[in-house]
Amino acid sequence: GGGARSGDDVVAKYCNACHGTGLLNAPKVGDSAAWKTRADAKGGLDGLLAQSLSGLNAMPPKGTCADCSDDELKAAIGKMSGL
């Protein structure tokens, strides 16, 4: 591997298909209010990470990035949410 991918790289390759458009009620990239509501309900950024690891509704585990590390996913969530 080429080392850790940045949050931007992960978002662009794996997250944007749904989170870029709000497909299937996914919180949109940059919609900090929608992300904050979810983060507050789930225990912050770590809670959102835990949800992403297990999958949620239409989102598969790790949101299609099966080989992403927890740190890469957390960076991507941070980029999308602004949290």
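Note: Cβ is positioned from N, Cα and C throughout, glycine not excepted.
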Among CYS18, CYS68, Swiss-Prot lists the disulphide partner of CYS65 as CYS68
Other than CYS15, CYS18, HIS19, MET59, the chain contributes near heme c (Cβ within 8 Å of their centroid) the residues TYR14, ASN16, ALA17, GLY20, LEU23, ALA26, GLY63, THR64, MET80
